[in-house]
């Protein structure tokens, strides 16, 4: 019985390590040394004797982002690129500001689950499950409400109100990445062949040509 429990414990530890999004720390901290030429999965560690409080600090999340753009939103990112001390800790943070009727358009984080809290205003949020069901799971959130977007799934937020909205979200990676669907599909560099996209979306190629011209210009200016 004891040996069976030991095996179960080992399997549990192994599976938890395999399911981890980011590599776990092997010491108290591993502040990112962004000046190092060494390429690893993440960043190599800065000399711990040269680490200070500023390596774990970021200021400015209280300031609204500029939402004067085509989608009417702004994401202020706090990940390992802003706080070197997040290296190997598997967590990051964003502030999202939404103008009235602004949106954080459909996108995915390839390396992180996201948990979002509405601070001000109202948001319609949702995500789409994977093939073949492609279920839309959505909900209207108000200040104080919390919603989870599972790792890798396409999700969005939309401000349906007449007032600004603000949300704070935590993500389970020091560098979760983001793929905005429309930008990636229609604004890739070089462009995806228009015939391929026309067949995929079952529309006339002229529609694809127009969308590519709009998104490619936005992505490459």
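Each position is counted from 1, following the chain as shown.
Cβ atoms are placed via backbone N, Cα and C, with glycine included.
All TrEMBL annotations are machine predictions without curation.
Feature annotation from TrEMBL assigns signal peptide to 1-20.
Taken from TrEMBL, the feature disulfide bond applies to 30-45. For residue 45 (disulfide bond), the same-chain residues 6+ apart in sequence whose C-beta sits under 8 angstroms from its C-beta are 27, 30, 31, 32, 33, 87.
Regional average pLDDT for the domain 'Cupin type-1' (59-209) in the model is 97. For 59-209, the entry in TrEMBL reads domain 'Cupin type-1'.
Annotation comment: TrEMBL describes 104, 109, 114 as oxalate binding site. Sequence-distant neighbours of residue 104 (oxalate binding site) (same chain, six or more apart, CB under 8 Å from its CB) are 71, 73, 75, 96, 98, 156, 157, 158, listed in sequence order.
Under the heading Mn(2+) binding site, TrEMBL lists 107, 109, 114, 155. Around residue 107 (Mn(2+) binding site), the same-chain residues at least 6 positions away in sequence with a Cβ under 8 Å from its Cβ are 154, 155, 156, 178, 179, 180, 181.
Of all Cβ atoms in the protein chains displayed, 22 besides its own lie within 10 Å of the Cβ of residue 114 (oxalate binding site).
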